[in-house]
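Trainee: The structure is given below, and queries will be raised subsequently.
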Amino acid sequence: MGNADFESLHSVAIPPPQPFVKSLKNNLKETFFPDDPLRQFKNQPPARRFILGLQYVFPILEWGRKYSLEFFKADLISGITIASLAIPQGISYAKLANLPPILGLYSSFVPPLVYAVMGSSRDLAVGTVAVGSLLTASMLSEVVNVNENPKLYLHLAFTATLFAGLFEAALGVFRLGFFVDFLSHATIVGFMGGAATVVCLQQLKGILGLSHFTHATDVISVMRSIFSQTHKWRWESAVLGCCFLFYLLLARYISKKRPNLFWISATAPLTSVILGTLMVYLTHAEKHGVQVIGYLTKGINPPSITDLEFGSQYLTTVIKTGIVTGIISLAEGIAVGRSFAMFKNYHIDGNKEMIAFGMMNIVGSCTSSYLTTGPFSRSAVNFNAGCKTAVSNIVMALAVMITLLFLTPLFHHTPLVVLSSIIIAAMLGLIDYEAAIHLWNVDKFDFLVCMSAYLGAVFVDIEIGLILAVGLSVLRVLLFVARPRTKVLGNIPETRIYRSVDQYPKTNSVPGILILEINAPIYFANSSYLRERISRWIDDEEEEIKLSEKTSLHYVILDMSAVGNIDTSGISMLDEVKKNVDRRGLKLALANPCGEVMKKLNNAKFIETIGHEWIFLTVGEAVGACNYMLHTSKPNLSSSEKPEKCSSNV
């Protein structure tokens, strides 16, 4: 290495100190306000800020000013289309939740109106969902028998919906939406698939015409309940159910193959209800074992605020039900909203969506509605029908209102087997086996999380499946933190770039120098592991040198580019690593520590301990300096001696 290769290099800077209050403010802002929602209020007069505040809370005030007749035509068609799906699905899902069928219609009237005013998604179609309905039934049935005390069960369902809304709104107001992120994609795929399987199995009650059925949700209990009543199976009901199920699946297949024929699948449930009702009415099939819905109350939602049960002995169960169903509905609704927003290239605010979901469930609980969110099937129909704004939800709500006021007597002869067929057809679309195969091919641990959620929901209990999946997801996060990856780096030939020797087998090791990369922040949870792992890397390198004729080890360089932060335990770990390296007669160097790390190392006096001259901007500079020391036969400098700064040509 000649003198021409030497050049002066910049030293790693220590950020200027900031006042504690300012630093705390910045950290809180990054944690809770990463999207900076208040930036639109900057440098605005008070009157304008008031208007912007109203538009932030009620987005309809912003986009409503630009609304046009062309938009209304598109929203009118979309709203009528999703109403044709919402009416039969609402009745079906209410039955799934062990609630009066009319509540499914109530829940498709008031909550969509609230969301249209407060929601930020243009494509989300609001309504009840099968998984939320099943969870409500499963958790409340543990403490109240719906057959023995239907009134109390109904009141608990309203109260659980209120707590779900309060929980969702609180997450949005306090900017805590990141908690929902612990429901990973793998968790949702497995849980939704497991819940859908359980729902399908439970609908065999309606398909087979059984009047008594287990409230348990595991597959063993369901199958035992089915096969212990073989003498009560009704072939008339089974034939009718299979015919309608075939029709619904065929309609979906046609719409999937020909997207422009989406309306065939969208109107298939309502068509099934109409055909089934006419068939039962004309043939008097209810006298031959085909069960029907029966009488439905006419009129719009009655108030239910006086029905809320706050002093109940079941309050703990109600709160738990509200929180669990609230989390699931948030995860589904926000995921669906973001998916369709991506297709149309606009942004939705997750925290605003949480507030909107929370408010529509709070209002819904006071107007005889139960848990609602943005179901994928209904939103997909809304999207394919060409909706432009949330006005499609208003149109749907008005269509449901007309049904409540004038058309409910027409559903008297609707067979329950048709509702079961509608639910099964909808649920089969949630069993995403292709996503599970993709998880297996990409990440085996994600596949394990997915299957844990699925098998837990199917064979044990829906809640257990969810807990297992979330627990494994959190465990993985902890493992990422507690067991960060460390890599040995080598030089890519004819470059100044240093990369992992595992990823790039053709890299060259640098004689006398061990370069290690730490790929995570250093905290108390991983500091002991990193200390032991670095020591083991040094041991392995020295053993390899003994078995070969390589240059003996003199320097250890820690690439800290990926270390975004460090705590006091991490600093103590670095101090112990330096002492260990010194005892071996080696020198420790750091490469590219970030500003936050440098600030803490400086405050802890570690920079004085290691020497600022042993902290480099890049790995290349660190290697260049160490190589220079090796070539000038001065490898064992004391910390007070300074290495010459040189280029990284090696």
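Quick reminder: no glycine exception, Cβ is built from N, Cα and C everywhere.
Note that TrEMBL annotation is computational and uncurated.
Given the structure is predicted, the values throughout are model-derived calculations rather than measurements.
Pasting the feature list from TrEMBL:
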- 99-118: transmembrane segment (TRANSMEM)
- 124-140: transmembrane segment (TRANSMEM)
- 152-176: transmembrane segment (TRANSMEM)
- 182-201: transmembrane segment (TRANSMEM)
- 233-255: transmembrane segment (TRANSMEM)
- 261-282: transmembrane segment (TRANSMEM)
- 354-371: transmembrane segment (TRANSMEM)
- 391-411: transmembrane segment (TRANSMEM)
- 416-433: transmembrane segment (TRANSMEM)
- 453-479: transmembrane segment (TRANSMEM)
- 503-626: domain 'STAS' (DOMAIN)
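I'd like these features described in context: how deep, what's nearby, how far apart.
Mentor: Remote same-chain partners of the transmembrane segment (152-176), defined as residues 6 or more beyond its termini with a Cβ less than 8 Å from a stretch Cβ, comprise 32-33, 97-100, 136, 139-141, 143-146, 304, 307-310, 312, 314-315, 317-319, 321-323, 325-327, 329-330, 351-366, 368-371.
Non-local neighbours of the transmembrane segment (182-201) in the same chain are 96, 130-131, 134-135, 217-219, 222-223, 327-328, 331-332, 335, 423-424, 427-428, 430-433, 435-436, 439, 443, 446-447, 449-458, 462, 465-466, 469-470, 473-474, 477; each lies 6+ residues outside the stretch with a CB under 8 Å from one of its CB atoms.
Here the transmembrane segment (416-433) has long-range neighbours at 88-89, 91-93, 95-96, 130-131, 189, 192-193, 195-197, 199-200, 203-207, 209, 237, 240-241, 244-245, 248-249, 252, 268-269, 272-273, 276-277, 290-293, 376-377, meaning same-chain residues at least 6 beyond its ends whose C-beta is under 8 angstroms from one of its own.
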Trainee: Count the Cβ pairs between the transmembrane segment (391-411) and the transmembrane segment (124-140) that lie under 8 angstroms and are 6 or more residues apart in sequence, then report whether there are at least 3.
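Mentor: Yes; at least 3 Cβ pairs under 8 Å.
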Trainee: Is the transmembrane segment (124-140) packed against any residues at least 6 beyond its ends, judged by a Cβ distance under 8 Å, and which are they?
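Mentor: Answer is 82, 86, 89-90, 93-94, 96-99, 104, 107-108, 111-112, 115, 146, 153, 156-157, 160, 191-192, 195-196, 198-199, 202, 215, 217, 317-318, 320-321, 324-325, 328-329, 332-333, 336-337, 340, 360, 370-375, 378-379, 381-382, 390, 392-393, 396, 423, 426-427, 430, 461-463.
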Trainee: Counting only CB pairs under 8 A, let me know which of 261-282, 354-371, 453-479 has the most with the transmembrane segment (99-118).
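Mentor: Comparing 261-282, 354-371, 453-479 against the transmembrane segment (99-118), the winner is 354-371.
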